[in-house]
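Dropping the structure in here first, questions after.
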Amino acid sequence: MTKQTLFKGTMILTVAAFITKILGFANGIVLANVIGPEGVGLIMMAMPVTGLLITLTTLGLPIAISKLVAEAEIKGNYRRVKKILIVSLVTTSFLGFILMIIAIFGAKALSSHFLTDQRAYYSLLAVIPIVPIVAVSSVIKGYFRGKQNMTPIALSQVIEQVVRIGLIFFLVQWLLPYGIEYAAAGAVLCGIIGEGFSLLYLFSVFKWSKHKKFKLHHSFIKQLSKGKEVFFDLLQTGLPTTGNGLIQSLIGIIQPILITQSLALAGIGTALATKQYGIVMGYAIPLMLLPGFVTNSLSVALVPAISESKENNNHLLIKKRIQQAVNIALIVGVPWTILLYVFAEPLTTLIYKSPEAGAFLKIMGPFFLLHYFRTPFQAVLIGLGKANTVMINNLVASIISLISIAFLASNPELGIYGVALSLNIGLTLGTSLHFFSIKKLIRLYLNLIDTIKVILSGIIMGYGGLITFKYIQNETTNSIVILVISLTISLLSYLLFLLFFKIINFKKLHK
């Protein structure tokens, strides 16, 4: 089995994430045009439950598995690798079985008593099959990460999206005559089927890989009975990660309930509230987070890089890695934020046929630039051994955001715009807490000159893009042509300015 360098593994994950992001974005466009914002809203109400089920099923084990497998591989201890896999599979399978029972009997109560739109019940039911799939796939993914072989994980992500988008149009169209709630549930089910095909691929690669040091079915009970030490090692690494994921999943479940209830207090009807929720969560936010795959891939690579530097007491290298992460976040986040602000209404009109979604891009876009810093900052803190700090920071930010929603969204003068402002508050607070937590641990001084250069390049790009847009409008009425040319010229000019200011240095890519 091929072991990959940090740079190669990161690039493989980034390319796969880019492909899946584009496919997922295309999937969102298809959904928006077929079932509209109301159907998207029903799907979004079920998504937090998906996150909670995955968090509870995996128990943070993928990260723990990768860490323990990597340590065992260095020592050539293949028996321990076998124990890690067996104990992990038993743990996730047991948790998955319990959660499936709870979810099946609890879906009706959740939709009836906590969600203002009871039609979300069918989407909640469609989510449940993901539990046994994730129970197995999370263990296999953790194993491949520990082996530092990211290719199977990357390909499995692409397979999942290809299957999903291949099924979704036909299944949703078939179910649409039965009602919007059935079409939304069908869309969720397509994603579950995609996850199933992804698992089949992962399992086949795992089974037929050339790593023959052990076979999982041999001495299964014997290895399990001796796996107590491994179990506690897994929990030691997995529980802090689970705590953070669990809190975020619970907040994710509370959030749509609080939003719809607050909008109801503002005098907004159920159908309209669901539609507005779909516009914000299903239209605006996916657009703002579209390039997030870059910083997510960076974060996966950043955790071991920071941990290694910390283990060697190399504080200079830690600071260098953090500065690199900040530069990447700026380079990716600044142009996208500015382009979304400048072309907000044309983009949402063309993509979603929803010009009103453009208003939310302008309100939330500038603040969502912070998201591109928040994820790497979290990775830095985890790498420094401060996973608990990440959990506390996220909890505080989420609680403040929820309190803001309760006050602002229930105000008839603000309504759904109060939700947008509240999300901005939570994001700003969370990112700030992470940053100051890092500064407490390390005397961190960021390169302000590079920051100014990137922001200046972005401003020039945005101004040039706006001029180009207005000029082309006089030459053609084709909105697709206008936007594509304007965005292309804008991004090319941005890249040229980055090269001019020497922000991008190709010689440092492999360092």
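Just so you know, the numbers here start at 1 and follow the chain as drawn.
Just so it is clear, glycine is given a Cβ too, placed from its N, Cα and C backbone atoms.
Automatic prediction, not curation, is the source of TrEMBL annotations.
Residues or ranges marked as transmembrane segment by TrEMBL: 12-35, 41-63, 84-107, 152-176, 182-206, 279-304, 325-343, 363-384, 391-409, 415-436, 448-468, 480-501 (among others).
Could you place these features in context, so I can see how deep they sit and what lies close by?
Here the transmembrane segment (152-176) has Cβ contacts under 8 Å with residues 12-13, 15-17, 19-20, 23-24, 26-27, 30-31, 34-35, 137, 141, 144-145, 182-183, 185-187, 189-191, 193-195, 197-199, 201-202, 205-206 of the same chain, all six or more residues outside its ends.
Remote same-chain partners of the transmembrane segment (279-304), defined as residues 6 or more beyond its termini with a Cβ less than 8 Å from a stretch Cβ, comprise 6, 9-10, 13-14, 17-18, 20-21, 24-25, 28, 31-32, 37, 40-41, 43-44, 256, 321, 325, 328-329, 332-333, 336-337, 340, 347-348, 351-352, 354, 356-357, 360-361, 364-365, 368, 371-372, 375-376, 378-380, 382-383, 416, 419-420.
For the transmembrane segment (325-343), same-chain residues at least 6 beyond its ends with a Cβ under 8 Å from one of its own Cβ atoms are 287-288, 290-291, 294-295, 298, 302, 361-362, 365-366, 368-369, 371-373, 376, 379-380, 446-447, 450-451, 454-455, 457-459, 461-462, 465-466, 469, 483, 486-487, 490-491, 494, 498, 503-504.
Within the chain, the transmembrane segment (363-384) has long-range Cβ neighbours (under 8 A, six or more residues past its boundaries) at 241, 284-285, 288-289, 291-292, 295-296, 298-300, 302-307, 310, 318, 321-322, 325-326, 328-330, 332-334, 337, 340-341, 344, 390, 394, 417, 420-421, 423-424, 427-428, 430-431, 434-435, 437-438, 441-442.
Distant neighbours of the transmembrane segment (391-409): 240, 243-244, 247-248, 251, 254-255, 258-259, 262-263, 266, 378, 415-416, 418-419, 421-423, 425-427, 429-430, 433-434, 437; these residues of the same chain sit at least 6 beyond its ends, with a Cβ under 8 Å from one of its Cβ atoms.
The list of residues near the transmembrane segment (415-436) in space but at least 6 beyond its ends in sequence, with Cβ under 8 angstroms from a Cβ of it, reads 259, 262-263, 266, 268, 276-277, 279-280, 284, 359-360, 363-364, 367-368, 370-371, 373-374, 377-378, 381, 390, 393-394, 396-398, 400-402, 404-405, 407-409.
Distant neighbours of the transmembrane segment (448-468): 326-327, 330-331, 334-335, 337-339, 341-343, 485-487, 489-491, 493-494, 497-498, 501, 503; these residues of the same chain sit at least 6 beyond its ends, with a Cβ under 8 Å from one of its Cβ atoms.
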Would you kindly list the residues that approach the transmembrane segment (41-63) from elsewhere in its chain, counting only those six or more residues past its ends and only Cβ-Cβ distances under 8 Å?
31, 88, 91-92, 95-96, 99, 103, 110, 115, 117, 119-120, 123-124, 126-128, 130-131, 134-135, 138-139, 141-142, 145, 180-181, 184, 187-188, 234-235, 237-243, 245-246, 248-250, 252-253, 255-256, 274-275, 277-278, 281-282
Please give the sequence-distant neighbours of the transmembrane segment (182-206): residues at least 6 beyond its ends with Cβ less than 8 Å from one of its Cβ atoms.
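Hits for the transmembrane segment (182-206): 31, 34-35, 39-40, 42-43, 46, 119-120, 122-123, 125-127, 129-130, 133-134, 136-137, 140-141, 143-144, 152-153, 155-157, 159-164, 167-168, 171-172, 174-176.
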